[in-house]
Amino acid sequence: STLQLWLTFAPVADKTAAYFHISLEMVNWLSIVYLLISIPFGLVATWVLDSVGLRCSVILSAWLNMTGSIIRMFSVLKFLSLGSQSYWYLFIGQCLCALAQPLIIFSPTKLAALWFPDHQRATANMIASMSNPLGILIANMLSPALVPEGKHIPLMLGVYAVPAVTACALATVGIHEKVPPTPPSASATSSTSQPFLKGLKMLLRNKPYIILAVCFGGGIGMFTCFSALLEQILCEKGYSNEFAGLNGALFTVCGLLGAFLLGLYVDQTRKFVESTKICFCLSALASIVFAVVSSPLH
């Protein structure tokens, strides 16, 4: 649900700009704000997960997500007569949803460590993490289908609010325990996190971690760029919103398939380093090909 709300407007950026009488740059900020908020709040989310626990983190993120999705709907309610202020309701709603994103994205590793034995953790982490690109897949397919014309944007906002409200209700009512009644492994029993600031200092002194963080950050940046701007890149060349959404969906489907197979592979072989290097090389090659194909000379 969080990722759906993030990319609600990206596949229909042109129609969103026309409906709210704003520029494409302002539409792009509805996606970029997620990244800006994730930088400082990511540290807060890490502390919340370690200190408060997985249950409270998930419930908090669900409530932020639901509140943001409801506030977004205020922007299209005619009886409020917001006029030029309608965009800011949309923006504030996006900000609240953006606060929920780090809590959700960081949860799978904690979930895998607390609830699964050692030999299942990579697979459990992979399956939980796949829900994020699944949300992006749904947004790329659903937004163009719901908004053939700008006047359908209120319908789109209402449709996206439904899973956010449902997820909030399920998280609030359905999650009862912070940890499983019986620890799944000895490491889960004895596992203790370092104090937050001490752990952060240790990471900043860890050269392999810094290298991995920079590489992973570059991969996330590339994925975000494709996801948020693909419609504007392709539509400028004469393609439709539906075609741009289909390409975004294929981009995500291939990632889901690769993540599923790779998760199973590294669980069996433990070749994490080799797999990571190959994936980064393939990503760099694909980026070069895309840049060449989409250049003005083609």
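Numbering starts at 1 and runs along the chain as displayed.
Each Cβ is built from the backbone N, Cα and C atoms, and glycine gets one as well.
Per TrEMBL, the feature transmembrane segment maps to 29-49, 56-75, 87-106, 127-147, 153-175, 209-229, 249-266, 278-297.
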By Cβ distance under 8 Å, which residues at least 6 away from the ends of the transmembrane segment (249-266) in the same chain are close to it? 122-123, 125-127, 129-130, 133-134, 136-137, 140-141, 223, 226-227, 230, 272, 275, 279
Which of 127-147, 153-175, 209-229, 278-297 has the most Cβ pairs closer than 8 Å to the transmembrane segment (29-49)? 209-229
Out of 56-75, 153-175, 209-229, what stretch is closest in contact terms to the transmembrane segment (87-106), meaning most Cβ pairs under 8 angstroms? 56-75
What residues in the same chain, six or more past the boundaries of the transmembrane segment (56-75), come closer than 8 Å to it by Cβ-Cβ distance? 1-2, 5, 20, 45, 48-49, 82, 86-87, 89-90, 92-101, 103-104, 107, 110, 154, 157-158, 160-161, 164-165, 167-168, 170-172, 175, 178
By Cβ distance under 8 Å, which residues at least 6 away from the ends of the transmembrane segment (127-147) in the same chain are close to it? 1-4, 6-12, 15, 104-105, 107-108, 111-112, 153, 155-156, 159, 227, 240-242, 244-246, 248-249, 252-253, 255-256, 259-260, 263
